[in-house]
Amino acid sequence: MEFPFGSLETTNFRRFTPESLVEIEKRIAAKQAAKKAKGKHREQKDQEEKPRPQLDLKACNQPPKFYGELPAELVGEPLEDLDPFYSTHRTFMVLDKGRTISRFSATRALWLFSPFNLIRRTAIKVSVHSWFSLFITVTILVNCVGMTQTELPDRIEYVFTVIYTFEALIKILARGFCLNEFAYLRDPWDWLDFSVITLAYIGEATALRGISGLRTFRVLRALKTVSVIPGLKVIVGALIHSVRKLADVTILTVFCLSVFALVGLQLFKGNLKNKCVKNCAALNETGNYSSYGKQEWNFCHRDEDFYYNKPGTSDPLLCGNGSDAGHCPKGYLCLKTSDNPDFNYTSFDSFAWAFLSLFRLMTQDSWERLYQQTLRASGKMYMVFFVLVIFLGSFYLVNLILAVVTMAYEEQNQATIDEIEAKEKTFQETLEMPRKEQEVLAALGIDTASLHSCNGSPLPSKNASERMRRMKPRVSEGSTDDNKSPQSDPYNQRRMSFLGLTSGRRRASHGSVFHFRTPCLDTSFPDGVTDDGVFPGDRESHRGSLLLGGGTSQQGPLLRSPLPQPPNPGSGHGEDGHSTLPTGELAPGGIEVSAFDAGQKKTFLSAEYLNEPFRAQRAMSVVSIMTSVLEELEESERRCPPCLTSFAQKYLIWECCPTWVKLKTVLFGIVTDPFAELTTTLCIVVNTVFMAMEHHGMSSAFEAMLQIGNIVFTVFFTAEMVFKIIAFDPYYYFQKRWNIFDCIIVTVSLIELGAARKGSLSVLRTFRLLRVFKLAKSWPTLNTLIKIIGNSVGALGNLTIILAIIVFVFALVGKQLLGENYRDNRRNISAPNEEWPRWHMHDFFHSFLIVFRILCGEWIENMWACMEVGQKSICLILFLTVMVLGNLVVLNLFTALLLNSFSADNLATPDEDGEVNNLQVALARIQAFGHRTKKAICNFFTRPCLLPWPKAEPQLVVKLPLSSSKAENHIAANAAVGSPGGLSVSRGLRDDHSDFITNPNIWVSVPIAEGESDLDDLEEDGEEDSQSSQQEVILQGQEQLQVETCEGHTAPRSPGSGMSSEDLASYVDEKWKDEAVAQAPAEGGDDSSSSGGSTVDCLDPEEILRKIPELADDLEEPDDCFTEGCLRRCPCCKVDISKFPWTVGWQVRKTCYRIVEHSWFESFIIFMILLSSGSLAFEDYHLDQKPTVKALLEYTDRMFTFIFVLEMLLKWVAYGFKKYFTNAWCWLDFLIVNISLISLIAKILQYSDVASIKALRTLRALRPLRALSRFEGMRVVVDALVGAIPSIMNVLLVCLIFWLIFSTMGVNFFAGKFGRCINKTNEYFSLVPLSIVNNISDCKYQNHTGSFFWVNVKVNFDNVAMGYLALLQVATFKGWMDIMYAAVDARDVNLQPKWEDNVYMYLYFVIFIIFGGFFTLNLFVGVIIDNFNQQKKKLGGQDIFMTEEQKKYYNAMKKLGSKKPQKPIPRPLNKYQGFVFDIVTKQAFDIVIMVLICLNMITMMVETDEQSAEKTKILNKINQFFVAVFTGECVMKMFALRHYYFTNGWNVFDFIVVVLSIGSLVFSVILTSLENYFSPTLFRVIRLARIGRILRLIRAAKGIRTLLFALMMSLPALFNIGLLLFLVMFIYSIFGMASFPHVSWEAGIDDMFNFQTFANSMLCLFQITTSAGWDGLLSPILNTGPPYCDPNLPNSNGSRGNCGSPAVGILFFTTYIIISFLIVVNMYIAVILENFNVATQESSEPLSEDDFDMFYETWEKFDPEATQFITFSALSDFADTLSGPLRIPKPNQNILIQMDLPLVPGDKIHCLDILFAFTKNVLGESGELDSLKANIEEKFMATNVSKASYEPIATTLRWKQEDISATVIQKAYRSYVLHRSMTISNPPAVPRAEEAVPPPDEAFVEFMVNENCALPDKSETASAASFPPSYDSVTRGLSDQINMSTSSSMQNEDEGTSKKVTAPGP
């Protein structure tokens, strides 16, 4: 068989000629003829797979290299299409210079130009030319820039229009206009171009030039960039894909929002118009309402001045008439006015406005404002409404959108991966071909060697020597460069992933050719052909290079490094000091490091294979492809041409005189020493601290110190760089990215130092901050996170461009449509003393800012402003489009990518797992030194301050020789850790390790319980005492040492437990053996598992002791009181419980133990905890006015304290100190009880007013934490959180470091510049105009009235800590406006700000929001979700050990088992009832009712506030009509269904709704008179319950049901998280009441929202759970004195002042936000994402819940008595009646017989047997089915115990065979009888003839039996002849013996029958 691709010498590209066209026509004709012929054979046609276009020959792709080089003369020329798919299409392809494919139609363009026409060919050549697309791209960009300018002459527009027209003409000439394949208008992107051009001409043609609408369409030109850049099209595809996927979520969201909007409409309509109005009755002194009085009253309540404004704002104060609503101050009344707040746009007055408000709530945009307004107007109890909307609406729906987008993204990713894998497979098959051929030839016995000689091997076009030359420099590069691999730049990464060369993140697919790490596989043959066989798989190469330098593992043994050998220390050393030896040298273990050998075992084509010429030639052709692929890769990899490479090698590798070499050696030693890295790291940290110490108002001495520090550090880092350059040579130094990074920073620092004298360059100073990132070298988490952000930015390159285009387009649209409106009407929305509003669209920059702000999620306020100045409809459409498109889709795609890079690049990647970095080595050495010193001191004082060490003295390897490899460092480090444990670093250790390093095929199985890497323990403090020395890391292969250590232990008798450790050992042994067996599979427990610390190997007494609490539970006896350590040190603690006094003590302990373990005791304690927590809620602001309550609380406080102390003492006695104090929950109890005890004692001793005691009293708020350990649900969540804490902390640290850079920049830019002069008039603070006050001295000078104050903005950048707070407000988008305005207005220190003086400072915040806010906050989501997934894997049950197939079966079966056939409701006998029954059970009836429910919902939407009396009347009538209809429906159903009506949940629901509706009608009539006392809104809401009935419709909508199913699945987990959140809120609200009851009312704190009572605190905390409005609550707490507050104001409880305490406030709010917003809310997201995935998987399974429901519903019709059986005759109809995948349409008799179903007497079949068979029919054959079937049968038998147990007596197949046999026998017998009668009536002429003819029946029967036995048997469970005893059926009897006997008796029967059948007839 010839090699499929041909060789590379020949080219596969052929010109497209008229002959080619003729060929195509012939093929098309042939195809049509074939089609006609096939039309007759329909069935075959269905089975045949339709051809599809080849993936790698798609348009815009490049054809793979193996198609050969493209000759220059064919560039841009029409060529025959390579893709077989297009062989029957009239098309041809054209390749440009970059080999990119374009396809064109071969028909005439515009009916004129054939493909061979000169004009068309020129047009084609131009259109595919790279310069053409470049020209168009540049034009578009220039045009975009032009559009951002406000005034541009029209002439420029004409130029652009002409260019676009020219482009369109060329494309139309080349492609044709629209009729044919690949024509101009067949590409949707060209529609865009076409519309842009057409609109431009229409705009010019019409005289209506004023239509700015048409001009806006020019903006669409920006979208043309998408059509020019190919990568963008893909991303847009993904976006469109995800928008499609969002359909279901959108429907669900609209439905939920509509329901909530209706509820809001009924509850709150008209309420927001209630305002505090001056009491005008007081004005009318006469008090009698004359007509004049009325006029005055009207005038009074209409006038703006008569509204009372909220202090500090210009908003009128809202109020309500309810008891818990907001109240008005004295002299004001609460009245309903005509306007709503916020320009009259915020209201619930009609459905549309309510819907907008609800949408705003869902997107959480300034929802705290709506929340406060509504609660103030309606009452605090309506907080419940907001809780529901925020948790169910906002969190759930918004996160569902995230889940859907993530899913769409992953699906597309998966598709790409599948594509790559398909490609790999083809290559693999290609490689296999020669081998198969070889086998065939060998089988034929042909001597292959004599067949061919390998002379004409078609080698690739580039000669081998050139390739060798090119590879050599790369070997040397590889030898020093750890990081440099083809994955370096994103382009290559994409290229490689396209070829399957992924970065090793994805598991290597089996036998993939393409998984290798470096492109130069230098396993060179003499002739330079790469042997493709030697690709050590990804894992192996990683193992190989684990402890040696990056490059070694791939180099073959034959190559010599071109670098000079040993005298040059740089020859083979990686920059981190890992020796990467020149190949061929020996690694330190004395073992040759040759991954070549390792790889050889996995070769596809080994070297010996190539010896035989015939095989070699075959392989060469394979190799030629492979090398070409590699070459392609190499070309993309090579950054510079060969001439530059040789230049670099010549001049950038410095080999001079021996002295220089000596200097290099010395420097090399210094630079690569681990301590050098430690020093550098410390310097970076200290330097960072120095930079963070800058602040406003530094003393000159402090400033000088910082300056000197800066110089010192700059010098240090410069020296480090110079040393490294000398030690490594520039050539190698600059190949590491870190070094380039260092070099840039050092250079910038030097420039800054030089320039500092001339003037401060604060911009350059910020560059020094980037040094922080150098920490990433030694801090894996930071490294990983930077990588994640890097990966995302790489992958997001295209997405970022799309986002930029969206922002750009919308900013332009806004500017074009609304710019003039903003200019003309700006007075409507700007502040009184400002020229322009802050946010407008008059120029491009401000327009961009508005769009950016919408993307941040703040759209509503700008939209109100826009609606004030422009057309309302345009504003609504524009803002909502940006919001939905930009915010929801694009930002979610970002998040999806971030999450994706998390799953790809785990926080513990293998790279960090195996590699020990120098920092850890240095720390290990220090630790070892510390141990030695400690030991020496102990020996010196010779007293047992510590337990004696084990005897074996370790030989420490501390001084590492210069040439040491990383392996040795690793060993040294391990020795350093292991040394105190007494492990000697023996030869065995070295050998084992070397073996592990050099032989990648050794499996190292590590027990799951051990830490992530051998050196994790180093990260703990170095103070392990002797107890933990056994837990030290024990190296692989050291079990014998461990056993010795174990045996060396003495096990003292433990006095408490009554049995010694040895006694326990046997008990434990048994217990743990089982555990070990259970764990084995989890540990991959094969024989090769060499788990060092496995418990089974040796029972460590300490382990036993650690397990004692568990055993104690089993033994029902208390533990020891003290730990073993205490007993050893204080022998007096040992007691003998058999002696007198201790016996009594032991009995007491046992009694206490029983009390404490009793469930009632626990319940009592929980009750007490709840009561004591509840009592804390009463200690509020008003407590001093309630002396009785106060006294009661004091008394109960003492009581609770006594009870808890008693509980603690009981537990001490019962559990012993050891168990009590080793339990974290007990510690928590202990601390909280102590706090209560101390505060109680202080109170008794009259010290309660001391500040520290007061602080302690506030800590009593922690009491509810004790409930945590008692409630299982919360405990689970807390455990999960605690598990996530390490990674959350890691991310938090990284975020802090990221933010540190921005904070320091902020300090550099804004320190001290936020000061301003304000004028305090009444409660309102206004900025003094710049014309009056210019600076701080003016402010003091002008202060005649004493109302001028020079103040600083409360949240500022005066120091780094304050900067962090400012950044937190910016990142959460709360309070960021004030900070931003201050920054933009700031001029300089002590100068009065000027409006937008520094407008481009906005960009500082934009950049921070993108990197600091967006990335880092999303990293939290990523980390938390990632962490939960890992925890789930650890705790995972059977799912992890199940294949995907098994899971599908398992889930299908799970659903099966839970269902059983139900009896249908019998039809009533009474004919009237029967008639109604028929109506009610028809589907049409249900549909009519549904339509009515929808109509009812619509009529409810029509209601508005202040509607006319007429409308109210009509709506009431309609409402009564609907109530009547639904009542009628209810009555009819009850009449027809009798008592069965209440068996259906939906019916009960309907019944309740009807009763409530009637009730509300009756009440509303009665209560019209009492309306003042009782609000009928509640009854209105009850009517809404009807909407719930719409949910019944949802059964039809599968997608939406999946989403609701996901919600139902999430509910338990969400409830637990909600409980935990409530607990946190409870604790914080009590803290708040204790700390901030007296703060002044301003910003977010007022008479309703404050920390004075428990209820008010909860209102505030619920609001900031979503981080909304926390800046407003924090603002008054930051006040420290005038003008904002008065520290001497007396308070009700005797304390003074209404100022806050900033430190406590900041701590309180930041911790609460981190806990609630970042953690709890993110857990919510994690749960929803998880369950959404599960739900989608379930819904995408071939069989869903509905299919089984449908099965049983159909079954009910065939089995009305619910006997669980139907007759065989009914089966065919039944199978045909089913719907969905289970249906088997008629004719189905044969299929059903083939299913071989068991029959019971009466020819009946059991429902479960049918269901199994049908399920098997859908899912196909599988081994797992049988075991699952057994489970389901058990379940089913348990739930449906039938009275009689039916035994199957046959199966359908056997029944059919018997049936056929019977017919045959009957026929034969009849013919025999007939024959016989004939012979009797006509006696034969020849008497002997009868003997000659055999009786016909014998032959017949024999033939028929044979034939029937050979009937095809699909099921393989029962054969035609017999029943095997193992046959499973539901209907089987209970015991196995019965089964055996029945089947054997059947067998006997069988044999009997067959004998009878084959016996000759009479």
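Using N, Cα and C of the backbone, Cβ positions are placed for all residues, glycine too.
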Out of Asn455, Asn463, Asn1319, Asn1840, which one does Swiss-Prot list as N-linked glycosylation site?
Asn1319
If you check the topology given in Swiss-Prot, are Lys380 and Ala936 found on the same side of the membrane?
no
Annotation N-linked glycosylation site per Swiss-Prot: which of the candidates Asn828, Asn1939 has it?
Asn828
Position flagged as N-linked glycosylation site [Swiss-Prot], chosen from Asn483, Asn1335:
Asn1335
Spatial separation of Asn1319 (N-linked glycosylation site) from Asn1343 (N-linked glycosylation site) - C-alpha basis, Å:
9
Starting from each candidate's C-beta and looking 10 angstroms out, tell me which of the glycosylation sites Asn321, Asn344, Asn828, Asn1319 has the most other C-beta atoms.
Asn1319
Count the Cβ atoms, other than its own, that fall within 10 Å of the Cβ of Asn1335 (N-linked glycosylation site), considering every protein chain shown.
17
Six or more residues beyond either end and a Cβ under 8 Å away: which residues meet both conditions relative to the topological domain 'Extracellular' (1677-1704)?
1181-1185, 1318, 1320, 1325, 1349, 1351, 1354-1355, 1635-1636, 1638-1640, 1642
Which one is it, among the glycosylation sites Asn1319, Asn1335, Asn1693, that lies nearest to Asn321 (N-linked glycosylation site) by Cα separation?
Asn1693
CB neighbours of Asn1343 (N-linked glycosylation site) within 10 A?
16
Does DSSP give Asn1335 (N-linked glycosylation site) helix, strand or coil?
strand
Mean per-residue pLDDT computed across the topological domain 'Extracellular' (1503-1513):
92
Distal contacts, the topological domain 'Extracellular' (1640-1653) - CB-CB under 8 A, six or more residues away:
310-312, 326-327, 368, 372, 375-376, 380, 1180-1182, 1323, 1629, 1632-1633, 1659-1660, 1663, 1669-1673, 1675-1676, 1679, 1684-1686, 1698-1699
DSSP on Asn1319 (N-linked glycosylation site), three-state: which is it?
strand
Spatially, and counting Cα to Cα, which of the glycosylation sites is closest to Asn1335 (N-linked glycosylation site)? Options: Asn828, Asn1319, Asn1693.
Asn1319
Are there residues at least 6 beyond the ends of the topological domain 'Extracellular' (1503-1513) whose Cβ is under 8 Å from a Cβ of it, and what are they?
265-266, 269-270, 273, 347-351
Taking the Cβ of Asn1693 (N-linked glycosylation site) as the centre, how many other Cβ atoms fall within a 10 Å radius?
12
What are the DSSP helix, strand and coil residue counts for the topological domain 'Extracellular' (376-382)?
6 helix, 0 strand, 1 coil
Outside the topological domain 'Extracellular' (376-382), six or more residues from its ends: residues with CB under 8 Å to it:
267-268, 271-272, 274, 317-320, 322-326, 1648, 1655, 1659
